[in-house]
Amino acid sequence: MRLRRVRELEPVRSLIRETQLSASNFIYPLFVTHGEGVKQPIEPMPGNFQLSLDMLEEEISEVVDLGIPAVLLFGLPEEKDPVGSGAYDPEGIIQEAIRVIKQTAPNLMVVGDVCLCEYTDHGHCGVIENQRIDNDQTLELLARTALAQVQAGADMVAPSAMMDGQVRAIRETLDANGEETVPVMGYAAKYASAFYGPFRVAADSTPQFGDRRSYQMDPANRRMAMREIESDIAEGADIVMVKPALAYLDVIKTARDRFDHPMAAYNVSGEFSMVKGAARQGWIDEKMVTLELLTAIRRAGADIIISYHAKEVARWLRGDE
């Protein structure tokens, strides 16, 4: 047996390649802030920025030109309060960003992240009562946030707060307001991960007390992830997600084998920053390592990858760099 025969020539390797990576697999996250002329570099995430509304047009035009089909929006409000009212304000930063993007690129898919952590003064993902997250009070606010985003023009909403029942609450609210065709992408298996550190700098969303382990998942648990995914599907999620991706490839693979739903994986900020840091030191070949890691996420079973690498990977794949 000579298995090497099919590895000798690149055309043959390409023909039999089992896992393909394309710009069309990606959703690109963006951070939107108030002000004018703001393009603030996010220090631990090279190449990513906090952008004011007037700076979005250039960024969105580049995303479209690269063939990336969707963006995922995170907002930095001017003011925060205990109940995260900026998240569901019809004139809130994300709602304004959605309108700007849809004017610039009507066919680009805009996904709204539905959570309160960027908007609360305590940095948690829901309403606080007696130093604990009140799950059911939070559901109402998440549903209002999703509706506000959709009414501003969002094509899909993605609840990430890890509140029990969040997908059902959002689905019911959208349906009751004539938005039955808008899909929901549930952050179904979102772990309480240390890989979120750079994101919390980008989104200014670090908890001011405690942590998120009472609602995000224990990193040691895989079977529980299947229960969470099953629950989101039962509540009406159209797409389910595993977050983070690289340290949870086994979870993605198990979910892919068990469920037929479209599946997303979030290649999170810490995963991105480690590659960038090692590349800056000259320890790795950044392009080759990035492509290998993202291919692994696809190979594990993800249909969609949310990644800060999306733009550079799209350039590499079309041969620009």
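Counting begins at 1 with the first residue displayed.
Cβ coordinates are placed from backbone N, Cα and C, and glycine is handled just like the others.
Record features (TrEMBL):
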- LYS190: active site, schiff-base intermediate with substrate (ACT_SITE)
- ARG200, ARG212: 5-aminolevulinate 1 binding site (BINDING)
- LYS243: active site, schiff-base intermediate with substrate (ACT_SITE)
- SER269, TYR308: 5-aminolevulinate 2 binding site (BINDING)
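For ARG200 (5-aminolevulinate 1 binding site), the same-chain residues lying six or more positions away in sequence with a CB closer than 8 A to its CB are THR206. When the binding-site residues ARG212, SER269, TYR308 are screened for a Cα within 10 A of the Cα of LYS190 (active site, schiff-base intermediate with substrate), none qualifies. Over all protein chains present, the Cβ of LYS243 (active site, schiff-base intermediate with substrate) has 24 other Cβ atoms lying within 10 Å.
The recorded positions in question are LYS190, ARG212, and the one with the fewest Cβ neighbours inside 10 Å is ARG212. The separation of TYR308 (5-aminolevulinate 2 binding site) from LYS243 (active site, schiff-base intermediate with substrate), Cα to Cα, is 14 Å.
Its Cβ taken as reference, TYR308 (5-aminolevulinate 2 binding site) is surrounded by 26 other Cβ atoms within 10 Å in the chains shown. When Cβ atoms from all protein chains are considered, those within 10 Å of SER269 (5-aminolevulinate 2 binding site) total 24, not counting its own.
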